[in-house]
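Participant: Look at TrEMBL and you will find 20-39, 51-70, 90-116, 199-219, 239-256, 276-300, 320-341, 348-371, 391-411 tagged as transmembrane segment.
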Amino acid sequence: MFRVADTFDVLCSTAALRSTNVIMAMVCAVLFHDLLLCIRPGIGERKATTYAILVALYPVHWFFSFLYYTDVASLAAVLAMYLFCLKKKFWISAMFGSFSILFRQTNVIWIIFFAANESISYIQDLYPKDNVSHENIEATHQSNKVVSGRDTKTVAQGLRRRRINSPISKNVVVSESSKLYNNEVWDICLKLWNSKCEVLIAFAPFAFVMVAFVAFIIWNGSIVLGAKEAHVVSPHFAQFLYFGLVSAAALLPWHFTPSQILDLFHLSGKNKTCSFLAILMGLGLSFIAVHFFSIAHPYLLADNRHYTFYIWRKVIQVNWMMKYMLIPLYLYSWFSIINILGKSQTRVWVLSFVLSVALVLVPAPLIEFRYYTIPFVILVLHFPVIDNGKLLALGLLYVAADLFILVMFLFRPFHREHEPGTQRFMW
């Protein structure tokens, strides 16, 4: 009896409990590796392994791999859910989805996101001929231009240049893009309706999870477990902007490079009117979010262990202008994220991802970089592959940040006058 008690004490020691997250971090790396090979089959084992190591070194994820927090296990459950969803093993995927909700209730949004996008892929597999025709509309349109150009190359070369650069041609391109988007949404809705029985049967496991989750909310009286009064759902729209900037900064080689900046300028130059309106609307909405929906949670203002405490005081609130001066950076970051995702994903996928990020982050009143980890990893999975030199440079930056955070945590403890015990700096 005493031996059993002693064994239990050892298993529940601080070191043993924290080691579970080390194991979960390894599981996350393996799952990320397999997901990357599943999403991008041609990437190769070595490159996938490099990316998995890079994500493992991501400073926020790396730090909490050594503490007894739920974030690493939550990420592992979400990645496992995504992997099995892509492999069409929906029962297993739903099981991991239910596990992810036990770690963090907002993971229900990612269940909906993965299931919804996979259901679109599922119905597209049911209509392969339609998919080929729709996917090749733009390619066929462009190829017709090329073929006609080749036939009249010596006669109409100058005329073709004038047509491409004319305002009428630009308006036609924008009009066609809008029509393609509307056709894509309408086509998906029509196919979902026509195949509703097949889709409902195939994705029934996710429906069961959703029903159970709704029952939990009714029984619990809230989506929040624990201190409900400290985690009241709030319209924290500025949190959505913070995620964009933090993610863009953490993925520096994709976003803040001359080629990406030129790409965004080139994209805005295709239709200056639409681009101007989009930027104007983005600036207006960002201003409203920052001015009216920038929440300072009591924990953020009182807990000086967390780096967000100092970022809030020394950067965002250093003077009355700074929070507004950051708006262009927020806007650039989100435009860059959407631009990069749009090169490899459908418009519906990009829109659903943006909405999912908003649904996860906006209701959270507390600024926590831990909340950004899952959408950040999803971004890395779906961003284009970059060369090894940039990956190495980013990995070295992550290592430097990891070492700094580790040194501050271990060798710069401090004490509070009103609270006993040693305090340490952390994310």
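Yeah, the Cβs are placed from backbone N, Cα and C, and that goes for glycine too.
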Participant: For the transmembrane segment (20-39), what are the same-chain contacts with Cβ under 8 Å, counting residues 6+ beyond its ends?
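Facilitator: Those are 45, 48-49, 51-53, 55-56, 61-62, 64-69, 72-73, 75-76, 79-80, 82-83, 86-87, 377, 381-382, in sequence order.
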Participant: Counting CB pairs under 8 Å, which listed stretch among 90-116, 199-219, 239-256, 276-300, 391-411 touches the transmembrane segment (320-341) the most?
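Facilitator: Comparing 90-116, 199-219, 239-256, 276-300, 391-411 against the transmembrane segment (320-341), the winner is 239-256.
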Participant: So, taking each listed stretch (51-70, 239-256, 276-300, 348-371, 391-411) in turn and counting its Cβ pairs to the transmembrane segment (90-116) that are under 8 angstroms, which one gives the highest count?
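Facilitator: So the stretch in question is 348-371.
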Participant: Determine which recorded stretch among 51-70, 199-219, 239-256, 276-300, 348-371 has the most C-beta pairs below 8 angstroms with the transmembrane segment (391-411).
Facilitator: 51-70
Participant: Sort out the residues at least 6 away from either end of the transmembrane segment (239-256), same chain, that have Cβ-Cβ distances under 8 Å to it, and list them.
Facilitator: 58-59, 286, 289-290, 295, 326-327, 329-330, 332-334, 336-337, 340, 357-358, 361-362, 364, 367, 369, 371-372, 375-376, 379-380, 383-384, 386, 390-391, 393-394, 397
Participant: Six or more residues out from either end of the transmembrane segment (276-300), which same-chain residues have a Cβ under 8 Å from its Cβ atoms?
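Facilitator: Same-chain residues near the transmembrane segment (276-300) but 6 or more away: 230, 234-241, 268, 306, 308-309, 312, 323-324, 326-328, 330-331, 334-335, 365-367.
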